[in-house]
Amino acid sequence: MSQNTPKLYSYRWVVLFAYIVITATICLQWLTFAPIARDAKEFYQVSPLQIDLLSLVFLGVFVFIAIPASYVIDTYGIKKGVGFGAILTGVCGLLKGIYAADYSIVLICQIGLAIAQPFLLNAVTKISVLWFPIQERATAVALGTLAQFLGIILVMILTPILLQSGNSIPQVMMIYGFVSVGSAILFLLLIREKPPTSPSTHGEDRELPFLEGLRFLWKQKDMRKILFLFLIGLGVFNAVSTCIDQICEIKGLNIDESGLVGGVMLISGIIGGIIIPPLSDKLQKRKLFLIIAMAGFLVGLCLFTLFQGFIFLLTGSVIIGFFLLGIGAPIGFQYCAEITSPAPESTSQGLLLLVGQVSGILFILGLNFFGMISFLYILLILSLINFVMVFWLKESPFMES
């Protein structure tokens, strides 16, 4: 394949669309109960912690499944690897709807959906490399990553509306079950492993085997640096977004204001992801935009930590979303895939997500154990270290070629 002249196929956007739909769906299933926790507690007659467990199980399962999922994707391809995740999403989503009145079965279904998640989330850089030229890859990764935020926004808005319009919790779960089945079928019908001719001349067909790729990844100095950036950046986002209501309450915000603060972070992330990664592709720069992302993230977290009041927290949330989620995450994923080529792309992305999940859990525990405000200062110091470290990164070799 590498002997052929690179060729672009418009079908690459169909593949990306199918991926976006199934990714948004798994995130919708992940946080189904988050916006209706009080109603769910009354319906199931369980404790608040048991309702939170329906969402938290995704974080715990990801830690154990992330690397095996990357192995499957890199060894057997996106059609089989992501296809398995899509089938699991459809089956468990439907069963969750059918047996929505039984908390125990719902929890089992959530575990099944949690297993499916890394098979979906870990594949976006792999899809971008197989289907997109180097000039479009940050854009493709951004759109695939932003599908996660789209799913979260949809579930936060739609679930309360469906419940308030007269639907019961089982009926809402059944609606989401049908959505999951439809998304899975759509993905399985539209997905193709790769185009007949490579879209790039960067030798994607010379990919290393999985275990050799892992050893190669760890030998790369810039890989270790980007791992640290995601350890702090993604971990802080996971922790702050999880504890957003508690932080806002301490800062004097009411429940409506805290909901708005959390919502605009995702919305500004989508806006940033639509605008900036295409610019990175056009200018053929990665390091510059990662520096900008870490600088903006630091400013936003400063507002969150040092100031009181709705306007400051709202502004900080917008800045964190735009720079960290919209710029840092998608461009960071693509940068990592480029500096570690020919290591498997799903493995490098899976490691980035894994360290962010682990640190997120630790940071959540820290916020609760040491106190929200006190631990925010620790996160701020770590983010300052992140900003300094990003200058030590080398530019992507794909940008220099």
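Quick reminder: no glycine exception, Cβ is built from N, Cα and C everywhere.
Look at TrEMBL and you will find 11-398 tagged as domain 'Major facilitator superfamily (MFS) profile'. Annotation source TrEMBL lists transmembrane segment at 12-33, 53-74, 81-99, 105-129, 141-163, 169-191, 226-247, 259-276, 288-312, 318-337, 349-369, 375-393.
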Inset, instruction - Would you confirm whether the transmembrane segment (349-369) and the transmembrane segment (226-247) meet the contact rule of 3 or more C-beta pairs below 8 angstroms, pairs 6 or more apart in sequence? - result: yes
Legend entry - Long-range neighbours of the transmembrane segment (81-99), counting only residues six or more past its ends (CB under 8 A): 19, 22, 25-26, 29, 69, 72-74, 105-106, 109-110, 112-113, 115-120, 123, 170, 173-181, 183-185, 187-188, 191, 346
Inset, instruction - Determine the mean pLDDT over the domain 'Major facilitator superfamily (MFS) profile' (11-398), rounding to the nearest whole number. - result: 89
